[in-house]
Every structure is written in C-alpha cells, then in structure tokens.
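A short worksheet on the structure shown next.
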Amino acid sequence: MELRVGNRYRLGRKIGSGSFGDIYLGTDIAASEEVAIKLECVKTKHPQLHIESKIYKMMQGGVGIPTIKWCGAEGDYNVMVMELLGPSLEDLFNFCSRKFSLKTVLLLADQMISRIEYIHSKNFIHRDVKPDNFLMGLGKKGNLVYIIDFGLAKKYRDARTHQHIPYRENKNLTGTARYASINTHLGIEQSRRDDLESLGYVLMYFNLGSLPWQGLKAATKRQKYERISEKKMSTPIEVLCKGYPSEFATYLNFCRSLRFDDKPDYSYLRQLFRNLFHRQGFSYDYVFDWNMLKFGASRAAEDAERERREREERLRHTRNPAVRGLPSTASGRLRGTQEVTPSTPLTPTSHTANTSPRPVSGMERERKVSMRLHRGAPVNVSSSDLTSRQDTSRMSTSQIPSRVTSSGLPSTVHR
C-alpha cells in the first residue's frame, strides 16, 4: 500500500535513523522530485522534531541551509519534509581514503565559516559542529556546503535586544566529544566561540586523518570524555598543527582567546585561509578531492579498457599469423571460422589460458561510478558512488539524506 505524507509526498524506503527520528527517501508527487522525510513518533519521551523544524524555518533563505518543504503530523508521527542533499563530509572523507588535500580543506573552511556565521546571525549556536553535519548539495548545487542538524542548537541571545545568555558553569557536555571545545569539556556554557573552535578541530581532522584524542579507551562514557578532555588540553596547538601552515594554529589560538560573549571576527578568519589559498597558487575552481578522484578513476578505467583491447588484438595476431595485414572484415571472417573448435580443457601450454584478458570487475565498477559521479567538472558525489568504494552503512541522522546518506540528528551524532 502506498504511504503518503501531507497528501503530497510518497514515503519510500528508510535510509537512516537517529536517536529521535527515522529518515526516509520520499517523492514529491506534484513536482516529481525526491525529498527527505524525517519521522518522529508522537509518543516519544522527548519530542524534538517540532523544535528542530522551527529552527530550520528561522534559518530559511540562507546559503547552505536546506529547504523545509512541509511540516506537520501524520497519524502517529511528527513529520518534516526537506530538500534532499548529497553525502556528508565524513562520507566524502572516507571516500577519499581519510585524507583531504590542503586545497580541499581550505575550500571547505571558507564555506563552513560562513555557514556558522549565518547561524550565529540568526541568534543561534549550533553546538554540534562535525563532518557528519555538513553535506554537499546535489546537481547544480553539488559544490555548495550545507549545514544540517539543529537538534542541539540553542539561542544564545535575544533576537530583539541581542542580550547575550549568562555565563554558566557545571554544564554537561553537549555535542560530540571529539570536536568539543575545551571550555565545553570544562562544563562552561557554550557560545559562538565554541562552534568555531570545534570547526578548527574538524579542519585539522581533515588535514591529519585523525585527532590525537581519538581511540582512547575507558570503562564509562564519562571517563572517556575525561580522557579526551585531558589529551586535548595537554596537546599544544602548535603540536596539533605541526607540519601544516601556521594559519591553522593562528585560527585555533584566535578561537581560544575569545571571551564568552565576544562576537568572533568571521571575516578575519575567512581571510586568513583565503590568503593562504592564494599564496599556495590554488584556483577557486571548486574541484574538490572527490572530483579529482573521480577523474582519476575514469581515466584509469579507460586506460585499462584500451590496454585490454590492445592485448586482445596482439593475441589474435599471435594465434592467427595470416590475419596480419587483412582488412578488418576479412580478419573477422577468418577469426570466426577458426574459433569454431571443440571445447577442450586448456592446458598449461595454451597461451590462451595465460594471456586472454578478462575485465577487472573492480575497475569496471570504478568506471561506472565515475560515469555517474561526474558529468562535467566539478559535480557532486552520490551516496551510491560512495558505497561502491566502501561500506557506508553508517548514517548520520539529523536531517537530510542522500540516496544512502542522511543529514542527521545525532545517534552516531552524540558521541
């Protein structure tokens, strides 16, 4: 039986789940386009979807903010229908073998700072800045970075008076410990500075492949958070950023120097990385590592196919000397008559056994991935492309998914 939401959206297969809500692929019947549909049971202990949808609506119109298409209740569920997005930066990081080039990190940093600035301009702090919560767009918006998951967002100032929330201590850790600011670990109320410090750790994660406080073992979650906090505080910024341009250390030092209610100088931080970008001689062509990887895979597949054909041609001439110099039609007829032979087991002396090339399934898969991945430069990567290279069964869950990736509310989110 066909399930519909809001009498306009057809509910498809489940593509993600989170701590409070499941995400489904859907179809806007009127517009014939795919959407993301997030469902939350109305009987859930702590309903969150309605609050999140209200924050999304306040953010509407901003660059890199997903569009809310419909919100309401349907049967036993609270529902939010949203624009469908592509894979998260965490998915793309895995796709690129867990290392981004400096160019890609700087291209991302520029947009990510702007997304955080926009949220702050709307009187909210995000409080869960991490790679899973930044997604690339689809189609013509394939180079645009989106920010998602406002499940932990909090208003930090009054919209009319701009009165800042008061300084508090003894707060529980909110967000993801890996990227949490030091003040968050210390139980201090979060403010704008903490979102930006978290982004600094995300950028170094992209540079390094992992952070020094990853993989720490502990008996309880609380003890693990304490170990992460200790390691983070005992790792000097200069040590964390060693081997990378000084701008990354400058960025983190700037964020840590901010007072609780300070307004960050977003333009200064953006310009810091833009100057580095230009000094490196990079071009703002928005060709990210995943685009280059696609091109490389496509070329490799084409080269392998060409080499295969050449080997077949050489083999054919070796087996049929008389074919040399004949027109292609004649050689085809000759080959056709000679190949009608009884099928007998090949022996080790048969050159056919050793030299007949067979298409490499992995390479062929890469070629197909590439054809889907890139219809011009640069474009987005779809989740089906990601899963052809690796297992991406993990879902982030706050918001909008791609065909396999969600944009989501934390379940893998609140670590």
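Yeah, the Cβs are placed from backbone N, Cα and C, and that goes for glycine too.
Feature annotations, courtesy of Swiss-Prot:
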ACT_SITE  Asp128  active site, proton acceptor
REGION    301-415  region 'Disordered'
REGION    317-342  region 'Autoinhibitory'
COMPBIAS  341-352  compositional bias 'Low complexity'
COMPBIAS  380-415  compositional bias 'Polar residues'
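All chains included, 24 other C-beta atoms sit within 10 angstroms of the C-beta of the residue listed as 'active site, proton acceptor'.
Taken residue by residue with DSSP, the residue listed as 'active site, proton acceptor' is part of neither helix nor strand, so it is coil. For the region 'Autoinhibitory' (317-342), the predicted model reports an average pLDDT of 47.
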